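J.: Look at TrEMBL and you will find 6-22, 50-72, 84-103, 134-151, 163-189, 209-227, 267-290, 302-322, 328-349, 361-378 tagged as transmembrane segment.
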Amino acid sequence: MSKKLTFFLFTIVVLGTLLRIYKLDRTLSFDTDQAAAYLIADRILSGKNLLLVGPLTTIWQVNLLPPTYYYLITLLKFFLQDELLITAFFTVTGILTVVLAFITGREISGKKAGLLSAYLTAVSVTMIQYSRNIWELHLIPFLILLSLYFIQKANRQGNVKYLWLSILTFCISLMYVSSFLLIPAMLFLWTAAYKKIKLQPGFRSFRKILIPFIFLLAAFYLPVLFFETFNGFPSVAYIINILTGQTGYVSTNLPSAFQNLIEHSWLFLYSLFPYLNGILILPLLLIFLIPQSFRKNRSSGYLTSKVLTVLLSASLLLTSLYSGKAEVYRMASLYPFFFLIAGSSLNRYLIMKNNLQLKTVTYSLVLIFLSAFTIFNLKNYRFHLLQGNQLAYKPLFNAAKFILNDAGNASFTLYVITPFEKQNHHATPYYLALEKLTGEKLINLNQKGNWIDQNLQKKNWIYLICREYADMSTADRDCQEYFTRTYNLSQAVMKVKLDQEILYKIRGQS
């Protein structure tokens, strides 16, 4: 690389690094999913849990995911011990994602396109958030970029071994449900690359790709298959209900599907351009990116910006089938496609052979796009990361200390309710805090070993934690009264407002 190119890349990587490590210790999260991962890793290391299935996600009644992510956290906990160091692993992966965006973008559309893709990845507040805390989906952009890089490497060198590496990397990314959106797209890219390298008919190439993909997929899902086999296949019946539209998770109704698509697409675009009015986002894409992405570029093989645009659109279209609550994090696998497309499209404006006046216009368009992207993302970064979440874990430990001081030597259990979740799902962070303060194991895991036991435990005292309620009267009505009525318990003997929670002490059934 030239010195100029190296300087720009170095500057982008330094910027991305600073945005990811600044006050990292003060935004460390022990929220529900993070706490569950730490608790499960602890139980695996202590020999109290043989984990066979992956995290609860999207459709809790089905073992959708392999335990890859929990195994990774267990390995990191064994070697690193400290939660901040484990988080730093995700931070390093996030920084490497910036570098990989450059390398992959360069392979597809040239050096300048690679720099632009890297810059967008570096300043994206979503990618920054992914680098600052642990969660299975936070590793997905890196793995998808790596898989795409191997495809392009196979195209350029005519070496099918890179395709096997791409398939392996993608199978690892299936630790989270987001990557399922890309299975058709990746099968197309692998098949096209294999056909080009081996000069074989399309169907034969597809078969040659499908067999190793299924084999590797089965290898990662082997623990899940063991669990299903020895527990009477609990997921199978529910999967049949899902596919036949009996659960509310999947809908083929056209108006419903269209609404699902709009909701998911809007969430995805807004995560890329936070604070920007939705009416302005679409013209921004239509004017700046989409027309240029369909022009011919220098890429060899089928991995071009045009193909990436079509595959991104097709993958977004698949979100129309999901009728549950739309969540932006389920589209984590799509971000690399956007950054590569955007880098390639913006680069087209920079390399246009125009006169000085037109060149001034095209360069100005690129500058406007980059400025808008940077301003809105860094504004979101400043608000959410540096103001809203400072010492995010402090209220959690304050609540745990209060409970320990109040309970004394009496036995107690926790139950956590939010306006949208009444099944004790969010008790995990409080149990993690209690265990870190006491050094004792205070909660068992569920039968699957992939979450805490959410059932109400028989103890002397129950500490009911009502989170995210607007005021105490609402919590009294919708949380405490609901809980005592459901479990036929007496009213609370104590009620206190803590930092982010309203806590009730209720006599239990020991």
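Each residue's number is its place along the chain shown, starting with 1.
Positions of Cβ are set from backbone N, Cα and C atoms, glycine also.
Help me see these features in their spatial surroundings.
T.: Away from its own ends, the transmembrane segment (84-103) comes close to residues 9, 12-13, 16-17, 20-21, 24-25, 28, 73, 76-77, 114-115, 117-118, 120-122, 127-128, 130-134, 138-139, 141-142, 145-146, 149, 336, 339-340, 343 of its chain (Cβ-Cβ under 8 Å, at least six residues beyond either end).
Tertiary neighbourhood of the transmembrane segment (328-349): same-chain residues 58, 101, 104-105, 108-110, 112-121, 124, 126-127, 130, 135, 137-138, 140-141, 144-145, 148, 173, 176-179, 181-182, 264, 267-268, 270-272, 288-293, 295, 297, 305, 308-309, 311-312, 315-316, 319, 322, 362-363, 365-366, 369-370, selected by CB-CB distance under 8 Å and a gap of 6+ residues from either end.
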J.: Cβ pairs under 8 Å with the transmembrane segment (302-322): which stretch of 6-22, 50-72, 134-151, 163-189 has the most?
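T.: Checked against 6-22, 50-72, 134-151, 163-189; highest Cβ contact count belongs to 163-189.
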J.: The transmembrane segment (163-189): which same-chain residues, six or more beyond its ends, come within Cβ distance under 8 Å?
T.: 54-55, 57-58, 64-66, 68-69, 72, 136-137, 139-140, 143-144, 146-148, 150-151, 154, 197, 206, 209-210, 212-213, 216-217, 219-220, 302-303, 307, 311-312, 314-316, 318-319, 329-334
J.: List, by number or range, the same-chain residues at least 6 past the transmembrane segment (209-227) whose CB is under 8 A from its CB atoms?
T.: 51-54, 63, 65-68, 163-164, 167-168, 171-172, 174, 187, 190-191, 194, 448
